[in-house]
Ligand SMILES: *[C@@H]1O[C@H](CO)[C@@H](O)[C@H](O)[C@H]1NC(C)=O
């Protein structure tokens, strides 16, 4: 009875007690240095990294962008058979409407007048045969050119191959012109119109800024040093900026990334928010040169006067230009400022921990400090009563 009452009394007393932390002042230069140095590190982190580098006081948003492109230039080709051909945009840009990705044809293998008949396969170890037994009727090998008929035919005077049902004659793409057909594509120009917006900040821009005059636009050409803002690019120039040789790339094609960086700080330099262009070859990298190049096939279909269908097959090699737009803009906002500042300042609570550790372990008088810092209580008697008497020194 009395025990319960005593406990209850002490509980009530505790509610109306104020507890405060006892401070131990260590008059030691080394500990003081560690304390101030740790404080300095935390402040440097807050000011240098959080505010200046990360700009954590800003609200961030990613760019939203649209791109249209237009290629200009003419070419004139001469084939070995003496045929010449004039080329304009409608001939070499496929498909004709340019968007973030456009293809400029530079080389091709043409197989004219193909009809649906039977012809011997191109020779390779799996298609050569001695007689009909080596060929399986109905076999369609995805690496082959058609469906086998089960017959073994003369491909040439020396080689026999399995006959296939296909568009014949078959395309022989191993005879690719070594100098690109449209070598003069290096002088074509590419005009990129890029419009961006940061919806959260109601910020809109084009890569043709208001400070660019129309007469400048008609005559300029992008150059990193002299014309970094001109949106007209000579193909040879951007391929060489990507560290590649145009004529070499034109033979087997490739993919070239035109990377537009719109990262801006809208607090201080919104007026100078201009795009930065860079270029990179995407279909191969220096570490691995496997399967570079870019090509695809398309055909044009015709009918003879007897209503028989035939086609001309094109294997088109060329450079695909991918326009990649990225960027992040930031503008001051109170909410991220408070949140990030709070998170950063929480590191200040680490300072006493580091200083205490140094004081207790690295100093000669560590034991003395430890005895003053940590007060051990005796276990006899009522623990709560002991605590009260020890705290106030009244017995
Ligand atoms: C591209 O233009 C330059 C200069 O205008 C010229 O010297 C060069 O021969 C042209 N390239 C081709 C492949 O026609």
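Each residue, glycine too, has its Cβ placed from N, Cα and C.
So that you can see what the record holds, here are the features copied from TrEMBL:
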type	residues	note
BINDING	70, 71, 72, 189, 295, 296, 297, 315	ATP binding site
DISULFID	119-168	disulfide bond
DISULFID	129-152	disulfide bond
DISULFID	135-162	disulfide bond
CARBOHYD	187	N-linked glycosylation site
DISULFID	220-230	disulfide bond
DISULFID	264-273	disulfide bond
TRANSMEM	341-363	transmembrane segment
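For ligand 1, the neighbouring recorded positions among 70, 72, 129, 187, 296, 315 are 187, by Cβ distance under 6 Å. Of all the recorded positions given, namely 70, 135, 162, 189, 273, those whose Cα is no farther than the 10 Å limit from the Cα of residue 152 (disulfide bond) are 135, 162. Between residue 230 (disulfide bond) and residue 315 (ATP binding site), the C-alpha separation comes to 34 Å. When the recorded positions 119, 187, 264, 273 are compared by Cα distance to residue 70 (ATP binding site), the shortest distance belongs to 187.
A count of other CB atoms within 10 A of each Cβ picks out 264 as the most crowded of the disulfide-bonded residues 152, 230, 264. When the disulfide-bonded residues 162, 220, 264 are screened for a C-alpha within 10 angstroms of the C-alpha of residue 71 (ATP binding site), no residue qualifies. When the record's ATP-binding residues 70, 71, 72, 189, 295, 296, 297, 315 are compared pairwise by CA position, the greatest distance found is 25 Å. Shown are the binding-site residues 72, 297, 315; the one with the most C-beta atoms within 10 angstroms of its own C-beta is 315. Within 10 Å of its Cβ, the residue among the binding-site residues 189, 295 with the fewest other Cβ atoms is 189. Look at the residue listed as 'N-linked glycosylation site': DSSP puts it in a helix.
Counted over every protein chain shown, other Cβ atoms within 10 Å are most numerous around 162 among the recorded positions 71, 119, 129, 162, 220. Residue 162 (disulfide bond) has its Cα within 10 Å of the Cα of these recorded positions: 119, 129, taken from 72, 119, 129, 295. Of the recorded residues, residue 295 (ATP binding site) and residue 264 (disulfide bond) place their C-alpha atoms 37 Å from one another. Using Cα positions, the member of the disulfide-bonded residues 129, 135, 168 nearest to residue 189 (ATP binding site) is identified as 168. Ranked by Cα separation from residue 187 (N-linked glycosylation site), the binding-site residues 72, 296, 297, 315 are led by 72.
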